[in-house]
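J.: Sharing a structure here in structure tokens format.
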Amino acid sequence: QESESENKLDGETASDSESKSDFGGSSPVPTSDDTPEVLNRALSNLSSRWKNWWVRGILTLAMITFFFIIIYLGPMVLMTIVMCVQIKCFHEIITIGYNVYHSYDLPWFRTLSWYFLLCVNYFFYGETVTDYFFTLVQREEPLRILSKYHRFISFALYLTGFCMFVLSLVKKHYRLQFYMFGWTHVTLLIVVTQSHLIIHNLFEGMIWFIVPISCVICNDIMAYMFGFFFGRTPLIKLSPKKTWEGFIGGFFSTVLFGLLLSYVMSGYRCFTCPVEFNNDTNSFTVDCEPSELFQLQEYNIPVVLQSVVGWKTVRMYPFQIHSIALSTFASLIGPFGGFFASGFKRAFKIKVRMEKVVDILGRKCTPLLTMLLCCRGPNPSKLIQQFLTLRPDQQLHIFNTLKAHLVDRGILGSLEDA
């Protein structure tokens, strides 16, 4: 019944049927129930609605527990997980294109797709390593050479793949091959750029990763709960089960959750400090003096609200103000990642295993956008690293300019007096 109602809402026409034949989707693949057998037996007496509620709840708690364990293991494990998710998402989307467009006879298609993934990752993560682990790179001769010519090597690698693609063109498959060339590059843009931004934020401090991701997760859970108990008004035809009640309830719950989570995490250096390489111990460290964003400050409450809350001032972390923007963004824009995934699935008639991966990828689009909101100012350690690579005369010029600026502001004089 659920599948039939979704097909009706899609408004399928003759053109949709033609696209089916073009994509090879003659008939939808029957979905299978992949719920663990233990849960099926334990919940066999419940209605399908409440069975779905309990299955979702139990699996959600299990995944949240797993997420806490990963966070406990540290930023390097988180980065590894992000890389694994990136590779899996890329594999699934390339497989969708491979099946949908009947790309079975195209020479080198899969090989070239993975080659381009390697090239793009080499470019992005080479830049990240050079920025954050400058002392390690400068200490090792091979790494120093790779860092110096990194962009040239990246460009040469891409040109090699481009030439391989041109050489692989086959007379009767020109159009299809260019379709798949574009498909691969759009996939790279969506998947690799996201994972790069996520890892970049992880280096700035785990809080910049955990808060946006957690807000998206919270919004998804709370929207489902409010929709389950109070949902009456449909929100969008792409997802018939989504309701305005769930959307609004998820919004307020996520904003409150973001404030509380940010308050707790801002008090711990392991979450707020950037990941740095310690040259003395040859290891990665997460220790620093917290910036002003993570130091309690006193704020005046607007006069209009003073009579309501009974306070004139409130002590909070400046980062909590950031969290309001992040949670608001995740609540209002986050659901559209899921809607995008629903439209994508229906456009290509994706079923069973691929359906779940596309759902994950659709919701992963929101952390990408929230990461853009998390962009922080220049990192002092990175600026010093870049300063040390300049010629002595350039370093002296910067030093004199900075000294004159500090003297004009009266900062240098006060430091010398102290």
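Think of each number as a place in line: the chain as shown, counted from 1.
Cβ coordinates are placed from backbone N, Cα and C, and glycine is handled just like the others.
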J.: When TrEMBL marks a stretch as transmembrane segment, which of 62-84, 177-199 is it?
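T.: Residues 177-199 are the ones TrEMBL records as transmembrane segment.
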J.: Find the member of 108-125, 152-170, 177-199, 243-265 that has more C-beta pairs under 8 Å to the transmembrane segment (321-344) than any other listed stretch.
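T.: Stretch with the highest Cβ contact count: 243-265.
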J.: Is the transmembrane segment (243-265) in contact with the transmembrane segment (177-199), using three or more Cβ pairs under 8 angstroms as the rule and ignoring pairs under 6 apart in sequence?
T.: no
